[in-house]
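This report refers to the structure that appears directly beneath it.
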Amino acid sequence: MAVARVDGALAPGEGSVVNWSGQGLQKLGANLPCEADVHTLILDKNQIIKLENLEKCKQLIQLSVANNRLVRMMGVAKLTQLRVLNLPHNSIGCVEGLKDLVHLEWLNLAGNNLKTMEQVNSCTALQHLDLSDNNIPQIGDVSKLISLKTLLLHGNIITSLRMAPAYLPRNLSILSLAENEIRDLNEISFLASLSELEQLSIMNNPCVMATPSIPGFDYRPFIVSWCLNLRVLDGYVISQKESLKAEWLYSQGKGRSYRPGQHIQLVQYLATVCPLTSALGLQTAEDAKLEKILSKQRFHQRQLMSQSQDEELSPLAAVETRVHRTPECSSPGQDFQESEPVLQINSWVGISSNDDQLYAVKNNFPAAAHAARYSRNDLHLEDIQTDEDKLNCSLLSSESTFMPVASGLSPVSPTVELRLQGINLGLEDDDGADEFTKGLENQDEDKDKEKSLWDMSESCVEMLKRKISTEVSEAAGLLPCPKSVIISAALKEDTHSLTSLPESAGHSASRTEANSEEAMSPATSEKFPCRILTQRPAALGQDKVTLQKLNAAATKLQACWRGFYTRNYNQQAKGVRYEIRLRRMQEHIVCLTDEVRRLRKERDEERVKTFVQEEAVRFLWNEVRSVQAWQQTVEQRLASWPPDVPPISSTLASPKPPLFPHHQDPSSDQSSDWLVAEDEAAQGRSAPDFPDSGFHSSLTEQVPCLQDSLDFEKSSVESSENSVLGNSADTVKCVKDRDSEATAEEHSDCSRESSASEQDNTLLQQYLTSVQQLDDAAEAADSDDVAGDGKRHLACSPERFDASSDSETHRVASTSQDEISQTPENCQLNEEAQGQPPECDPAFQGLHVGVTVQPV
């Protein structure tokens, strides 16, 4: 179909074949040069998107538009006489336009984008339906197609066969379900209703594929136990051993006791009763018994075959030597039309070189031609496919192959039928053909099957040589032909050879003059005696070509067999292959080990990094929590600070303004040194308990406040003494109002006035000296002794007063002690600000630090 041509070799009135394959056509114009008598139109391998302008081809019987870009198929709706429609490998998404095609018998829609299959129900005459390699998820209703014989659904996404009994026609004989998504082997039970099913394919489904978790099992006997009339499964003829196992599973075993959903239980059972055996030594005792029974049966069948062959030799020789004496040369086409076809033979003819597809052609032969060519000597089973090819390729990957032939040659259309790989030649009306085929199938299972095939092929070649030489010699001696007739016949032969069918259909035995000598038997060629002399050189050349083809086929067979035998039975080769596998395995293990080590190292590094980050985050979180708790505590204490206490400065490093800016004397310098020492001592005591965090809550910040309080305490005592001695009462004035703003103003005025008072400066120096002594005593002694010492120091601190003022001083001190005892809450607040224990510091028990009295 690769070259565009118009086949006009048919008889007038029978129509013609128009082939426009590979012409780069994108559309079918209105001026389509298609005559009314065209019965076959081939448009393969173009760029056609839409079928249009086909209405004038009303007599069209066969249409092929494969490998194009069709999206819809409504263009075929008006071709009511169509019998063969070939539309594979397009982009058709829906089946349409088939309502009026009541004569359609052969439909191929493989390799499209179909999702349903119910739209073909209107084609009730359909016999062959190919819907492979689509997107069909479930079996559709095609029960109205009562004439359907072949249904191809491989390469889809079918998951269940539950609707098969209701949706599939009963007369179906060929069913392909390979390469789908059937996961339960028990689904095969739904095919038991197809009583005429002979060929089935279930391969490359998940339910029959080997998995590491499931032991190996042979599913073929189980399928045969449900489909009792099955002859071919997954492209291989069912052997008698498998039939016996299937019968045992059906009658005595548990083959039919499992239901859909029990796939695992079924597989485990089949692994025990039908295990996979790769060598003869692994066969069980039951298999050995079956093999013994079958070997005896094959022996008797071979004896019967040899007897039947001897009986047929004599009538075959008589037919071959019979010569039809006709007064003039007649064409093969005329003789064929005169002879009525009496037999139809379905045979394998080969593999297409372009599409790699298997197909069979239905041929019509006269009775004499059938008796001569298709004798039992020529019937034998050959399998040139190696085991590796069977494992690596799908036996049903082939699709329906369209081959146009003349409509007048066969009363039944379509003329192309699909058969699964491995089917042998079958004679439909011969009772002994089935027995012979079974004998040959069993013969292939023998240990010496190769020798028998070689002997049979050699005998066929020798017989062919003898027949050709006998016919040529007899024709040369008995039927001379004029020279002019020989030349004209030779020219006519060459002319018809140029217009013959494609090479892929060369063995289809079509009745064109080009391949009539190749397809017809020597007995058929005896009808044309005047053509024998013209064909003698061509016959000799064909013999050489045939011998070369046979030698090439034999070489290929021998190479395949030697390779298979070496790989499986040669110990040295098996050892080398085993070493290679071990080496590859070791290298793979080393590579995986390195990868695991690298991943483990990365994991450890990541773990260490994660641990460090977690520790850092945990440490920071603890710090934040401690700071937040400390800040909350400080804020609570500041909130509970009494309103009569002046605000405290938060900066220790801020310079303290001098108390005596105008009058500097040695006593003021010494007072400044004592103040600095007291500040440093207070900072040293508070540093271990409260680190500097930036908040205004350090204990050392209270030193100015304490100093002011002590200053005011001393001033009040001095003022009382001055009032007793007659000094001026205007020096110190107690302020009773404790308002915070008035206190701050009065404190600043008092500071300015006290800086100008030399007497107040002397009193402050004496007070600081007493405070320093109290601090030293507190560090050296326990709390009780320190408290006693503090009282004695406070009692005897003013040494410059005379005896008359001592009594007054003791009275003032006792008054101050009473005031201190009346304000324990203020002492408690000061101690909480410093972070000390609940009891007050004994060094400050004699001081009134909670009450601030500012002089005016």
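Backbone N, Cα and C define each Cβ position, glycine as well.
Taken from Swiss-Prot, the feature compositional bias 'Polar residues' applies to 498-513 (among others).
Taken from Swiss-Prot, the feature compositional bias 'Basic and acidic residues' applies to 737-752 (among others).
Marked as compositional bias 'Polar residues' by Swiss-Prot: 753-773 (among others).
The annotation compositional bias 'Acidic residues' is assigned in Swiss-Prot to 776-787.
As annotated by Swiss-Prot, compositional bias 'Basic and acidic residues' applies to 799-811 (among others).
Taken from Swiss-Prot, the feature compositional bias 'Polar residues' covers 812-833 (among others).
The phosphothreonine annotation in Swiss-Prot covers Thr534, and the record cites similarity to another entry as its basis.
Marked as region 'CCP110-binding' by Swiss-Prot on the basis of similarity to another entry: 300-742.
Nonlocal intrachain contacts for the repeat 'LRR 3' (81-102), taken as residues 6+ away from its ends with a CB within less than 8 angstroms of a stretch CB, comprise 58-75, 108-117, 119-120, 122-125, 130, 399-400, 402, 404, 413-414, 416. What Swiss-Prot lists as repeat 'LRR 3' is 81-102.
Look at the repeat 'LRR 4' (103-124): DSSP puts its residues at 5 helix, 3 strand, 14 coil. The repeat 'LRR 4' annotation in Swiss-Prot covers 103-124.
For the region 'CCP110-binding' (300-742), the predicted model reports an average pLDDT of 56. If one looks beyond the repeat 'LRR 4' (103-124) by at least 6 residues along the same chain, the residues whose Cβ comes under 8 Å of a Cβ in the stretch are 66, 80-96, 130-137, 139-142, 144-147, 152, 155, 399-400, 402, 413-414, 416.
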